[in-house]
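Trainee: Have a look at this one.
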Amino acid sequence: MSKIYDWFEERLEIQAIADDISSKYVPPHVNIFYCLGGIVFVSFLIQVATGFAMTFYYRPTVAEAFTSVEYIMTDVNFGWLIRSIHRWSVSMMVLMMILHVFRVYLTGGFKKPRELTWVTGVILGVLTVSFGVTGYSLPWDQIGYWAVKIVTGVPDAVPVVGASIVELLRGGVSVGQGTLTRFYSLHTFVLPLLTAVFMLMHFLMIRKQGISGPL
């Protein structure tokens, strides 16, 4: 094993990377409330893992969506547990995100030179809410259908471009298969990709600038 490690160490300098990560200075004022952002990240990873598992059985069609969710809950081994963890972890993600925002605001973590870190955090908050909106529709039950109808109908009040925005969101004039397809694509591909990108940016800026000082 040592020879294999030495081979990689010679080419990638693994030890130098490990030393840099482990030797990062942590200010003495840091407490458990500074871990809230990390809990959000862990919740996101759980979302990705459980969501990916459900894509093997979920069918994004108006005729089969609800039936496929029922199948996951009743017939797939541990399917009920996977879907329940998916739902619980999103609740945890939203709660921890709200608490994280309060902690950052109260400790002044948004001030110079960390303005961009705050901006990426706000974008991540919007993406998190978007996950909830798009995911709510996927079972395509009565609650999901009417929730989507109301949410996608909100832009209709915007002058001139409102109707076009509604049609873009719904994939047509009315809520239907086009809407479900769009929301499924957003929920399983577009939003996770954007979230991963902005999380990486968020972490790199924190890594570069360090943790903000106490009040």
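Backbone N, Cα and C define each Cβ position, glycine as well.
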Trainee: Among 116-136, 137-157, indicate the range for which Swiss-Prot gives the feature transmembrane segment.
Mentor: 116-136
Trainee: Please list residues from the chain of His86 (heme b 2 binding site) whose Cβ is under 8 angstroms from its Cβ, counting only those at least six apart in sequence.
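Mentor: Non-local contacts for His86 (heme b 2 binding site): Ile46, Gln47, Thr50, Gly51, Met54.
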Trainee: Near Cys35 (heme c binding site), which of the binding-site residues His100, His187, His202 can be found within 10 Å, Cα to Cα?
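Mentor: So the list reads His100.
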Trainee: Which residues in the same chain, at least 6 apart in sequence, have a Cβ under 8 Å from the Cβ of His100 (heme b 1 binding site)?
Mentor: Leu36, Gly37, Val40, Gly121
Trainee: Please indicate, using numbers and ranges, the residues of the same chain that are 6 or more beyond the transmembrane segment (32-52) and have a C-beta under 8 Å from a C-beta there.
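Mentor: Distant Cβ neighbours of the transmembrane segment (32-52) are 82-83, 85-86, 89-90, 92-93, 96-97, 99-100, 103, 131, 187-188, 192, 195, 199, 211.
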